[in-house]
Amino acid sequence: MTENLQSESIPHEILPKEPFDLPMNNLKSSPKNKDSEKRINNSIAESEQVVDSALSNPETNANEDIIAPQLPSQNSEIIEKNSPVNKLNSSTSLTTHQLASLPKLEVTDHDNVSEAETVVLNEDEEKETSLVGSVSVTEDLGDSSAIGRTILVNNSVEPQMENTANITIVSPSLKESDFESEEKATNDNNGLIETNHNSKLEESSEHEEEEDEESNIERTEDSDHQIPQRGGTLEAPRKGGPRSGVGSRKRKRATVSRKWSTNSESKIKRVALETSQEESDREIADRRSASEQAHEADDEKAIKRKEAFDALLNIETEFTFLRNRLYGKKLLKLNEHEEMIQNETHERFNACIDLITERRDDRVRLATENLMKQLGNIKNVMDYVTKQRKYQLLFDKRRIRQALLTKIATKCFQLLNKQKSVHDPTYITQKTMSYRQSALLQKQRIEYEAAVLCELNSFAGFPTAPIIETASFDDIRNDLLEMGCLSENQD
């Protein structure tokens, strides 16, 4: 029932924004409103009595199937089609059109709601089913969002309170501000459904298991003292007390076996539902944890980067202050040194200048000495060259003179030889001499000439030079000037 109501919740757009246009005094004073309030109170009292009777007699018929308590999110899968619970839910479930038409109507429409509830209760009494569907009447008065009283029809023995869209019956004593709070509360309730769903599933499953165990124990112990049910109707106790015999024992065993089988099936279904829900919860938790860890890691990285940037900025600012101070000190020192240099009072600068001047003087002195030595070497080379040229000139003159003298001497010797041959009688008589005599004479003459030449070889002027006339003083002076022995200034 809760699933149907939750799926077919009334949209906020259908609800009227200002449902109380009429004054409140007129609503309270109208007899129709009073009658509708009385009917609503009577229907609520009847439903509470039915719930109390169902809770006081938690027995199931042996011929009917036992239906396990169902979770509100899984009702449609567990309820059988032919079970009376499904019929009851189908009879009590309202469509979207009916739910949409409820708030549009005024207070007079509460009569229809109360009649529907009475019809449901009458059908339940006619079928005479026990523990098929328990009607739970709740009043959501804790929050300002729950306006009016809500009537829920559930399949479980224990009423399950959830923040779902229920059938609301508006009381005429409410104000316009309650509708605004209702809209806010519906949004809050829809957000809280997911968070409370897992905890309620666990609590309901544990509570139902405990109730099943207690009910099984009580049924096995008090089965002889309880009144059996047949065909969904209650029977009066017999005068003879509880039944005895083989038939009653068989029935007891059959009921116990059916109870255990239904309990085992319900437990299996519960375990399957719990495992599936736990797996889905674990997956969601893992995803959330992974995403949260990633977000936390990103946040930590961003925080660390921010801290690092702040630290770098502080370091840079401090470094700029220190740098400016150092540069200021350096500039002051440089200005002081400049003044000292201009005033020629800087000790280190003066010492450096003295060293530079000393080294400069040494280099100049060495350069001058080297230059003088180079000049002296050049002079010596020139003297050597000039003297060599003079000696070469003298040698060439002597060689030329000797060559000329040899030529002249040969010519003179030839002339004298011709003269001798002309005036020498032996030369004349050679023609009359025999060949032997002429050969001997020629041999003697050659030997004589050779002996003369050998004697003259030891004397200068060989061969014998001719007599030359005496040269004048000017000729001798010119010759000496050309030879370089005399200069023009010298006489």
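Yeah, the Cβs are placed from backbone N, Cα and C, and that goes for glycine too.
When you go through SER199, SER223, SER248 in Swiss-Prot, the residue listed as phosphoserine is SER223. Looking up SER36, SER181, SER204 in Swiss-Prot, the residue bearing an annotation of phosphoserine is SER204. Within the same chain, no residue sitting at least 6 positions outside the compositional bias 'Basic and acidic residues' (282-301) brings its C-beta atom closer than 8 Å to a C-beta of that stretch.
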